[in-house]
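Per TrEMBL, the features are:
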ACT_SITE  His303  active site, proton acceptor
BINDING   His346, Tyr361, His382  homogentisate binding site
BINDING   Glu352, His382  Fe cation binding site
Amino acid sequence: MNAPQTSDHLSQADGATSLRYQSGFANQFETEAVPGALPKGRNSPQRAPMDLYPELLSGSAFTAPRVENRRTWLYRRQPSVVTSPFRPFEAPLWTTGAAGGVSVPPDPLRWHPFPLPQGAESWDFVEGIRTVVANGDPDAQTGMAALVYLCNRSMQQRALMNADGEMLIVPQQGGLRLVTEMGLLDVIPGEIALMPRGVTFRVELHEAQARGYICENYGAPFRLPELGPIGSNGLANPRDFLAPVAAHEPQQAYEVIRKIGGELWHNQQAVTPFNVVAWHGNLTPVKYDTANFMTIGSISFDHPDPSIFTVLTSPSDTPGTANCDFVIFPPRWLVQEDTFRPPWYHRNVMSEFMGLIYGQYDAKPEGFRPGGASLHNSHVPHGPDTEAFNAASTRTLTPQKLDHTLAFMFESRWRFRPTRYAMQGGALDTQYAACWAGLQDQFKG
Ligand SMILES: O=C(O)Cc1cc(O)ccc1O
Ligand SMILES: [Fe+2]
């Protein structure tokens with residue numbers, strides 16, 4: 001439990017200010033921008049302090065088991081019901097679920113870096129979202145989409161609320177300030193942010209342009225994986241997740257965009273959604289710096305399964321078979337003896353979408369570039385390219401630091417469908433399969 005903290009008024013925060021946070025994953029936090037704004041000893045007093053309106057935001061069913069139960073009490077200047085009617089908002093490239101995709105070829109797929117806005121194009125975070133691959137269905141609360149965002153403009157007096165899924169934001173280029181109902185988060189490449197389903201937020205750019213990836217998770221919320229024989233420490237440690245402190249801004253008009261059932265809607269309302277003066281609870285956006293990930297690997301021989309790199313997992317109803325695992329490939333030492341150290345050639349029942357934040361990925365030294373992506377769907381063969389195979393099968397096996405690199409994977413039990421944008425938008429690497437063409441039959445039998 002964190003002590004109440006005060007925060008700067010939203011309007012006083014600027015890009016140069018370093019923000020204050022509260023630490024922990026799904027802790028019971030409490031925070032007030034104005035001392036005394038949080039009710040004491042009850043959630044909904046007859047009149048809340050300072051005549052704020054209590055509002056409950058649930059992230060789980062009321063009766064979900066205690067370990068899964070997520071909710072936050074917001075104390076706001078006006079409740080979220082003070083709004084205005086919504087009309088359709090055109091976002092044809094932000095498609096949803098398997099239904100928004102095209103045919104699934106049985107080939108491995110790879111994309112060159114997705115292009116940022118060019119020339120006169122001016123896209124904010126919402127306008128710059130493109131679905132690359134997706135599975136499942138938000139109405140069934142299963143599956144996920146891998147999106148990219150490509151933007152060169154901050155959202156101004158415009159906010160987004162996504163009822164279809166939580167959003168795991170993985171910046172690749174350019175820092176972001178996330179202005180949320182619960183307060184502010186700054187994230188830069190190497191860090192990630194997790195925005196719970198239903199939280200209203202807007203995105204400001206630290207620099208002229210920003211690109212990154214998003215896992216739009218329609219299924220069970222992400223949580224830390226069990227550690228099993230690893231024990232009580234390791235991988236992503238709870239204290240390295242940082243939640244915002246309460247902050248609110250002066251009254252002003254807003255356009256609010258809501259995504260629900262795969263469709264986007266917007267309105268014009270006279271009131272800001274960023275009017276929460278205090279809150280307490282365990283449903284909150286968080287950020288996490290992947291540099292804090294305690295990486296585990298083999299110190300004897302063989303290449304372990306990448307599940308040792310799981311940062312967060314969204315379980316499905318089959319134990320051990322995730323709706324989505326968020327896995328990173330961070331800087332680390334390779335020390336295995338008599339071992340082919342990069343990933344093995346494999347065909348996986350799970351489906352693998354990968355992206356690269358910076359550097360090189362050891363299985364694909366060329367062709368898989370920061371800001372690009374790859375898709376190896378269920379049972380589609382893949383593994384190191386010819387160059388990586390030749391280097392790793394002949395090198396002297398001294399301890400080796402894989403440095404200056406950060407790749408990640410969204411791994412799902414559900415097969416992904418690529419979108420029309422992915423297949424025809426110009427970024428598809430039509431020569432991908434050639435990277436394995438040099439693997440000769442070298443059998444010496
Ligand atoms: O295919 C990939 O590059 C991801 C991956 C990495 C690894 O170390 C083992 C299996 C796996 O799918
Ligand atoms: Fe793989």
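From the backbone N, Cα and C atoms, a Cβ is placed for every residue, glycine too.
Here the features listed in TrEMBL are placed on the structure.
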residue	record	Cβ contacts under 8 Å, 6 or more apart
His303	active site, proton acceptor	Gln336, Thr339, Phe340, Arg341, Pro342, Pro343, Trp344
His346	homogentisate binding site	Pro381, His382, Gly383
Glu352	Fe cation binding site	Ser374, Leu375, His376, Asn377, His382, Met409, Phe410, Glu411
Tyr361	homogentisate binding site	Phe329, Met354, Phe368, Thr405, Ala407
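When every Cα pair among His346, Tyr361, His382 is compared, the largest distance found for this homogentisate site is 17 Å. Residues Pro343, Tyr345, Glu352, Ala363, Lys364, His376, Gly383, Pro384 surround the recorded homogentisate site, their Cβ atoms falling within 8 Å of the Cβ centroid of His346, Tyr361, His382, which are themselves excluded. All chains included, 24 other C-beta atoms sit within 10 angstroms of the C-beta of His382 (homogentisate binding site). Listed recorded positions: His303, Glu352, Tyr361. Those with a CB atom under 6 Å from ligand 2: Glu352.
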